[in-house]
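Engineer: Quick one: the structure is below, and I'll ask about it shortly.
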Amino acid sequence: MLAQLVYKEFLSKTKPWFLWLCTPMRSNSQQVRVRLLPNPRCFFDEPVHVKVDGLSPHQKVELRSKLRDDKGIIFKASALYSADSTGQVDLCLSPSLGGSYTGVEPMGLFWAMTPETPHRKLLKNNVLSSMMVDIDALHEDTGEILATETIERQFMTEGLRRIPLDMKNGRIRGTLFLPPGPGPFPGVLDVYILGGGISEVRASLLANKGFVVLALAYSGFQDLPKTMPKYFDLEYFEEAITFLRRQPQVQGPGIGILSISKSGELALSMASFLSGISATVWINGCNANVMTPLHYKDLVIPPLMPNLENITLTPAGLLDVRDALPDQITERNRGSVIPIERAGSRFLFVVSEDDRNWNSCLFGQQAAAQLRHHGKDNFEVVTYPRAGHFLEVPYMPHCPSGFHSAVGKVVVFGGEAKAHHEAQLDLWRRVQEFFRTHLKDNSNTVQKARL
């Protein structure tokens, strides 16, 4: 009886043998942690240093990232790593052994994300809220979550003002972003893709860098036409330019235009026919007016219409529309070409070699040749090998395919994820440098276009 009492007292003060065996594993998993440096809150276009500490030496661990966009679509990436001799995985030093990417890719968990629902482009409408990205570290064999952390990817710096435009601002629709401080700041008109709406992501992040940015909608937004209008009225864009230039925080005399895809030809038209434009960034656009007539006062530029017979199917069964547009330099189509030789603006033509939306590489070359033919050297051409159509802000996931609003079906947009990511990093730097260089207060850089 005494022995039983002693044994019970022993058990009450100690742990059974199986708990002793389990304790080191549990305590080890509790010691594992994901670290996001310099802190778990940063801007969307900024890099973050990801580390995992507390692993066993050379332990294999899977890292997973996940976010949910404003449409509820889940994007995720994963990669397998091996800890070093100290039990640490450092994404700036450690190579991924497999998964969504391989090799040393400090931001691979972000740019390599893909949607769970195919053919979706990451959507972020509300830049007032952050995008939350979960980072999990999992045991390679058991799948047990060893540690988790969430990073908050922000879009607006402290003091940045976001001003939606409504009826009191006339017929223009969009959002104005004003940096903190009195200024003056360079002004940029940001026009986005044909699908409608505006890109407050690009506009807000650019405004964080010290630009006054007007994200201008021209379809699919509020009371604007939901689909492609019967024609585009250049006077609408002229009103937007006038509004932006009149902002007291905008440094004159000219502003910049940032465009992509369909808005590229609209940007070229603005630079060619409207005054007050000093610098124009044209990303994977066309040098001719496409699909919809363009009106400006008594002038009408006819549209270049696609040849549907030139649309092909990829091995995956997706439409490839790259060669749908006919040659615009033929006599029949020449009237659709934008007369950019009239412009006093500087141009930055940005082309992706694997753009499958259309042959932007050819169009960029033709635009440069057009200016060169008229004795002008007011342009730069930047080419990105293996990049696709949608060149966005840094770390935006690559969109290789998606619904095309003009075609009404899913099409391939081209590009390889890593090359596309590298192109976005380089382009973001170039865009800021281009605008800072050519939006200085130099009246000689702005020439008023004459009809």
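Note: Cβ is positioned from N, Cα and C throughout, glycine not excepted.
Caution: TrEMBL annotation is automatic and unverified by curators.
Keep in mind the model is a prediction, meaning the values are calculated, not measured.
So TrEMBL lists these for the protein:
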| type | residues | note |
| --- | --- | --- |
| ACT_SITE | Ser261 | active site, charge relay system |
| ACT_SITE | Asp355 | active site, charge relay system |
| ACT_SITE | His389 | active site, charge relay system |
| DOMAIN | 233-440 | domain 'BAAT/Acyl-CoA thioester hydrolase C-terminal' |
Engineer: I'd like the number of other C-beta atoms within 10 A of the C-beta of Asp355 (active site, charge relay system), please.
Structural biologist: 27
Engineer: For the active-site residues listed here (Ser261, His389), tell me which residue's CB has the most neighbouring CB atoms inside 10 Å.
Structural biologist: His389
Engineer: What does the structure give for the C-alpha distance between Asp355 (active site, charge relay system) and Ser261 (active site, charge relay system)? Integer Å is fine.
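Structural biologist: Counting only the Cα atoms, the answer is 10 Å.
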Engineer: Please report the distance from the Cα of Ser261 (active site, charge relay system) to the Cα of His389 (active site, charge relay system), rounded to the nearest angstrom.
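Structural biologist: If we compare the Cα positions of Ser261 (active site, charge relay system) and His389 (active site, charge relay system), the gap is 8 Å.
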